[in-house]
Amino acid sequence: MDSIPLSTLFIILIICLVLSAYFSGSETGLLSLNKYRLRFLSEQGNKGAKKAEKLLEKPDTLLSFILIFNNLVNISASAIATVIGMRLYGDAGVAIATGLLTFVMLVFSEIFPKTVAAMHAEKVSFFSSHILTSLLKIFYPLVWLMNIFTKSLMQIVGLKLDMQKQVISSEELRSIVSEAGEATPNEQHPQMLLSILDMETVTVDDIMVPRNEIGGINIDDDWRAIMRQLNHAAHNRVVLYKGSLDEQVLGILRVREAFRLLLEKNEFTKETLIRAADEVYFIPESTPLKTQLANFRTNKERIGLVVDEYGDIKGLVTLEDILEEIVGDFTTSTAPSIDKEVIQQSDGSMIIDGSANLRDLNKMFNWELDTEDARTFNGLILEHLEEIPDEGTICEIDGLLITILEVGDNMIKQAKVVKL
């Protein structure tokens, strides 16, 4: 290199530093890309995104190529800087060149380009992917040879190169949806997606109408009572039973069909009502909502009775109940709304009905009440106290100061709640 002018050496040194910055920035930019947005842009026809996605299909090959050439230009820059230093300062120039080059490379070829690439990953990656794709085709034999040595070394030390495609977990997907929801003006859409994810873990037992609130018709009642129950039915289908739910469930009666028969038949008897009822559809209490939604569709059912492992009726669930878990309460729903079960007080406290669903309370107030052993607010308090409390009893559960206001029928009707 003694015959090469200093000006030429400086130009070559600058080129090496620029190339080092390019490879460093390209590596950071490509590895910082959001793979879901990258896939979306690629499907939209973005050429840079398509090439970047293609490069990232084989990350080992891409990294090998970038590291080979990044090290090559760094070593070249170090050699040239040493020659320049010795020409200018003699033997002391080696130390001077080492110190200056280390600073320059750290700032201009590492920190600066990687910071820019991390902040503008798409712009940097899509631009560099065009160049990297062409260079990789030219130097692929060299990269392939280096990968052979690398894989051989990994086998010697007992490591396996696992390039299997990673599958996103439901919790990771939940995090992605939550982050995307922060940038979405419509809060309902991400909430619906999160509700769909919840259907994997939520069971019919969590959302069912409890047994004591099931609206049904006792065929042993007189006609006036039967007509009154038909007129005030909460759903378009009601449970038809004899004596009680424990004794004999006769079927599920369509309210509209009952009124049609009443108008068309001159002799409308209880036997006619029983024959008009559909066969009862039973649902195990541990059935996930996702599964039950599919079962409703497959069996062409809209309502079912939830039973426990002993076959005892625990509650009732409808197709509408499951859909409301996704989209929220329907305006036409006659089921009690959580808004009606919670009364805000001027002092910041609130009055909560004992029948309020714990999952709904957690959603509304961002609480973390345990829903594993209890489904309602009444059940949570009873589980904590292990007895039916007297009115005026005060307890603390999960950061909530709870005062029992009304007790009746062996359950807590209302309680005052203050967030501590």
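Including glycine, each Cβ sits where the backbone N, Cα and C put it.
Keep in mind that what you see is a predicted model, and the values were worked out from it rather than measured.
Here Swiss-Prot flags 2-190 as domain 'CNNM transmembrane', drawing on sequence analysis. The domain 'CBS 1' feature in Swiss-Prot is assigned to 208-268. Summarising the annotation, Swiss-Prot assigns domain 'CBS 2' to 273-333. The annotation transmembrane segment is assigned in Swiss-Prot to 3-23, 65-85, 92-112, 126-146.
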For the transmembrane segment (92-112), the distant same-chain contacts (Cβ-Cβ under 8 Å, at least six residues beyond its ends) come to 17, 20-21, 24, 74, 77-78, 81-82, 84-86
Sequence-distant residues near the transmembrane segment (65-85) by C-beta distance (under 8 Å, 6 or more away from its ends) are 1, 6, 9-10, 12-13, 16-17, 19-20, 23-24, 26-27, 93-98, 100-101, 105, 109, 132, 135-136, 139, 142-143, 146
The domain 'CBS 1' (208-268) resolves under DSSP into 22 helix, 18 strand, 21 coil
Helix, strand and coil totals (DSSP H, G, I; E, B; other) for the domain 'CBS 2' (273-333): 24 helix, 16 strand, 21 coil
